[in-house]
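To start, the structure itself, in structure tokens.
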Amino acid sequence: MHPAAEHSPLGKSSEYIATYSPEQLFPIPRTAKWAELGVTAQTLPWQGVDYWNCFELSWLLPSGKPVVAIGEFAIPADSPNIIESKSFKLYLNSLNQTVFASLGELQACLEKDLSAAAGKPVGVKVRTLAEVEAQGVVALPGQCIDGLDVAISNYEQPQPELLRCNTAQVVEETLHSHLLKSNCPVTGQPDWGSVVVEYKGRALDHASLLTYLVSFRQHADFHEQCVERIYLDLKNLLQPEHLTVYARYVRRGGLDINPYRSTGVIKPDNKRLVRQ
């Protein structure tokens, strides 16, 4: 467990405060988990973003009438902190009985508080239900590897030695799997996700990728660190010209988390999958 997470509200009984309470936000420094992967804030081998989507966003108009919407938050992957998910939920719940004179006032408040917690500017979009409904759900790009016939026996810890590639062949391809699962390091609750690997480099053995991804099944870590570990293990093996790894997780507590990591600048969309 991350030492800072022990002091977070995650896994504890909490009072749900219904009026504006930014002190609910609990930042967790990324540095400890980066150190486990052998990287520092100065040597990050990726660019990217963590998209958070909130489906329980509500506040009051000056008339007292409530409004509901969907929040989209973009936290830079190089921000000093992640925001612990239950604290994020408690903070958003604190807006439920809070009056905002305009949508702009609400958005400015969210940007200020979330940026302060993350330690870097956080992008905020407040979207109408009609807008999100019209967008619908999308399928992941590339080839799904979940139908491959593989024998699997390890579920406890990620095992990069399972990965194999053809060093004599360079390919450019996109692969995806819906079989990513890990566990919350604090509560032990399951985190279900779908993962995409886009790369140009040594030809990755698809079956080995599937067995590797399933090896996360009982692993305890936060969403962001799981994606960073996958990214680094593939980068070390494939020596790619470019590599992008991203995962879209099933929501819990009204929030879903979607980390993106890439060798270069990316402009990811934030479109929902069928399980989101």
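Every residue, even glycine, has its Cβ placed from backbone N, Cα and C.
Listed in sequence order, Asp50, Ser182, Asp191, Gly193, Ala247, Tyr249, Ile257, Pro259 are the same-chain residues at least 6 apart in sequence whose CB falls under 8 Å from the CB of His223 (substrate binding site). DSSP assigns His223 (substrate binding site) to a helix in the three-state reduction. Taken from Swiss-Prot, the feature substrate binding site covers Ile83, Glu84, Ser85, His223, Glu224.
Per Swiss-Prot, NADPH binding site is recorded for Ser85, Lys86, Arg252, Gly253, and the stated evidence type is sequence analysis. The number of other Cβ atoms within 10 Å of the Cβ belonging to Ser85 (substrate binding site), over all protein chains shown, comes to 25.
Every protein chain considered, the tally of other Cβ atoms within 10 Å of the Cβ of Cys184 (active site, thioimide intermediate) stands at 20. The feature active site, thioimide intermediate is assigned by Swiss-Prot to Cys184, with sequence analysis given as support.
If you look up Swiss-Prot, you'll see Asp191 marked as active site, proton donor, on the strength of sequence analysis.
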Exercise for review: Starting from the Cβ of Arg252 (NADPH binding site), draw a 10 Å sphere and report how many other Cβ atoms land inside it.
Suggested key: 17
Check your understanding: Max Cα distance spanning Ile83, Glu84, Ser85, His223, Glu224 (substrate binders), Å?
Key -> 12
Exercise for review: Rounded to the nearest Å, what's the C-alpha distance separating Ile83 (substrate binding site) and Gly253 (NADPH binding site)? Just drop the number here, would you?
Suggested key: 14
